[in-house]
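Undergrad: Have a look at the structure that comes next, please.
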């Protein structure tokens, strides 16, 4: 009976995205450009917020935390996907597969809490401006960050707990380009229908629940601003619209996946590419182009880098 707790499958084989050479080439260029842009954009945001005194505020602290998470989000699956595009045998070790699942759920959990924290930050800024710095103190910001990481890691460990007593002794082919927990459960030697249902409900409930919390909070904020509208609110509303855009980009793909009655493998792959490559790229774009202070800070950072290169 001891063998039931040990996997005899040492690696998993990915079917990948497509067998078309032309589409693979397009995906290689598309994914590589967006990956480099995502890394560069998010590093610029983290560096700008860290070094520029003009951005030392709660809102930008949370934004830098989100960009740090996005650095991980675009690095968990994208590099291997790009590396495997033209490989005939796309494999990942059992440990590598578990690591992918762990980090995917950690990053997803942390990002959800950070988006809630950013919504709360905008609520305080717009509805209680006189108490903003008192409520959104450094201690409060660090508490948000600690809660985000605690819940993210806890959620991921809870998801992985489903795999503890499962044996993988036969098929090892995943119709994907990364390790997805529901697909991995289907490869187990035992009946995992209930486990698949629990995993889907757990992730779907958290995703949909968080989305509606954010939706209600943004509607409440907009209603409050509309009641006390003034010219000084335009800047805050612009920031709020940027937050709303990021929320839609983040929750759109997973909500579509978890709420559909009939999953579609090709559609899931497309949404996974969107989630893994495009969303981390669009986040810094949305926040940068819609925020004058952030654009000014990035320009100052670029000037400093140019001066540093000239000196060196």
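The backbone N, Cα and C atoms fix where each Cβ goes, and this holds for glycine too.
Quick paste of what Swiss-Prot says about this protein:
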type: DISULFID; residues: 97-189; note: disulfide bond
type: CARBOHYD; residues: 5; note: N-linked glycosylation site
type: TOPO_DOM; residues: 1-25; note: topological domain 'Extracellular'
type: TOPO_DOM; residues: 50-57; note: topological domain 'Cytoplasmic'
type: TOPO_DOM; residues: 80-100; note: topological domain 'Extracellular'
type: TOPO_DOM; residues: 121-139; note: topological domain 'Cytoplasmic'
type: TOPO_DOM; residues: 159-195; note: topological domain 'Extracellular'
type: TOPO_DOM; residues: 220-235; note: topological domain 'Cytoplasmic'
type: TOPO_DOM; residues: 259-269; note: topological domain 'Extracellular'
type: TOPO_DOM; residues: 290-312; note: topological domain 'Cytoplasmic'
type: TRANSMEM; residues: 26-49; note: transmembrane segment
type: TRANSMEM; residues: 58-79; note: transmembrane segment
type: TRANSMEM; residues: 101-120; note: transmembrane segment
type: TRANSMEM; residues: 140-158; note: transmembrane segment
type: TRANSMEM; residues: 196-219; note: transmembrane segment
type: TRANSMEM; residues: 236-258; note: transmembrane segment
type: TRANSMEM; residues: 270-289; note: transmembrane segment
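Just tell me what is around each of these and how deep it sits.
TA: Residue 97 (disulfide bond) has a Cβ environment of 24 other Cβ atoms inside 10 Å. For the recorded site, residue 97 (disulfide bond), the DSSP three-state label reads helix.
This prediction places the mean pLDDT of the topological domain 'Cytoplasmic' (50-57) at 88.
Sorting each residue of the topological domain 'Cytoplasmic' (121-139) by its DSSP state yields 16 helix, 0 strand, 3 coil.
Across the topological domain 'Extracellular' (159-195), DSSP assigns 14 helix, 2 strand, 21 coil.
The list of residues near the topological domain 'Cytoplasmic' (290-312) in space but at least 6 beyond its ends in sequence, with Cβ under 8 angstroms from a Cβ of it, reads 44-45, 47-49, 51-52, 54-55, 60, 63, 238-239, 241-242.
Counting only same-chain residues 6+ beyond the ends of the transmembrane segment (58-79), those with a CB under 8 A from a CB of the stretch are 31, 35, 38-39, 41-43, 45-46, 49-50, 100, 103-104, 107, 110-111, 114-115, 117-118, 121-122, 125, 132-133, 136, 138, 140-141, 144-145, 148, 177-178, 239, 246, 272, 276-277, 279-281, 283-284, 287, 293-294.
Under 8 Å from some Cβ of the transmembrane segment (101-120) lie the Cβ atoms of residues 59, 62-63, 65-66, 69-70, 72-73, 76-77, 141, 144-145, 147-149, 151-157, 159-160, 178-181, 184, 203, 206-207, 210, 213-214, 217-218, 221, 243, 246-247, 250, 254, all in the same chain and six or more residues away from its ends.
If you look at the transmembrane segment (140-158), the same-chain residues 6 or more away from its ends with a CB under 8 A from one of its CBs are 58, 61-62, 65, 101-111, 113-114, 117, 120, 202, 206.
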Undergrad: How does the topological domain 'Cytoplasmic' (290-312) divide up by DSSP, counting helix, then strand, then coil residues?
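TA: Counts, helix then strand then coil: 20 helix, 0 strand, 3 coil.
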Undergrad: Are there any residues at least 6 positions away along the chain from residue 189 (disulfide bond) with a Cβ closer than 8 Å to its Cβ? List them or say none.
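TA: Same-chain residues close to residue 189 (disulfide bond) (Cβ under 8 Å, separated by 6 or more) are 166, 167, 168, 169, 170.
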Undergrad: Sort out the residues at least 6 away from either end of the transmembrane segment (270-289), same chain, that have Cβ-Cβ distances under 8 Å to it, and list them.
TA: 17, 27, 30-31, 34-35, 37-38, 41-42, 44-45, 63, 66-67, 70-71, 73-74, 76-78, 81, 176-178, 180, 242, 245-246, 249-250, 253-254, 256-257, 295, 298
Undergrad: Please list the DSSP helix, strand and coil residue counts for the topological domain 'Cytoplasmic' (50-57).
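TA: The composition, in the requested order, is 5 helix, 0 strand, 3 coil.
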